[in-house]
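Visitor: Once you've had a glance at the structure underneath, I'll fire off some questions.
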Amino acid sequence: MSSPSKRREMDVMKLMMSDYNVETINDGLNEFNVKFHGPKESLYEGGVWKIRVELPDAYPFKSPSIGFVNKIFHPNVDELSGSVCLDVINQSWSPMFDLLNIFEVFLPQLLLYPNPSDPLNGDAASLMMKDRKQYDQKVKEYCERYAKKEDITKSTADNESDDDDDITDEETGSSDDEIAGHVDP
């Protein structure tokens, strides 16, 4: 069997070569964001989320850490941290699974079949069990407010364009004529 680092490289490359937009963090393969679209024919259809993935050194023998970066209203996703409560990732992970399984099977299944009896978001679970129509409306409201393609692209573009902004010398209070620091006599 191949080493964990080779497997990590292979799994990340497989994900990059599929239809998923993968954005590495710190130029490594241990942390990255993946653009994830809500499953068709679900309340989440049309929503786009940035999913943060962190691979432990022991991956694939140890499960990855998965979290939603932008907000989602779901009983099994913590609204503040974006952490996901999913048995197959948290408890029954196997090296037989790979990153594509997470994005093509596990996350779509999570969104299609929420489990309000094992919640990370108690408000979502309670609303789902008490008033399904109001729950459905709130899910759609969150999708509309927090999960549009522009939201993902904008947050990424904002981070990248911070260095590209044209700021004049007058705005920064500096110029090339000034000397940085003082010369010792």
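Numbers here mean position along the shown chain, with the first residue as 1.
Cβ from N, Cα, C; glycine included.
Dumping what TrEMBL says about this protein:
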DOMAIN    1-148  domain 'UBC core'
ACT_SITE  Cys85  active site, glycyl thioester intermediate
REGION    150-185  region 'Disordered'
COMPBIAS  159-178  compositional bias 'Acidic residues'
Visitor: In sequence order, which residues at least six apart in the same chain have a CB under 8 Å from the CB of Cys85 (active site, glycyl thioester intermediate)?
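Guide: Asn76, Val77, Asp78, Asn115, Asp118, Pro119, Leu120 - these are the non-local Cβ neighbours of Cys85 (active site, glycyl thioester intermediate), listed in sequence order.
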Visitor: Roughly where does the domain 'UBC core' (1-148) sit in mean pLDDT, to the nearest integer?
Guide: 94
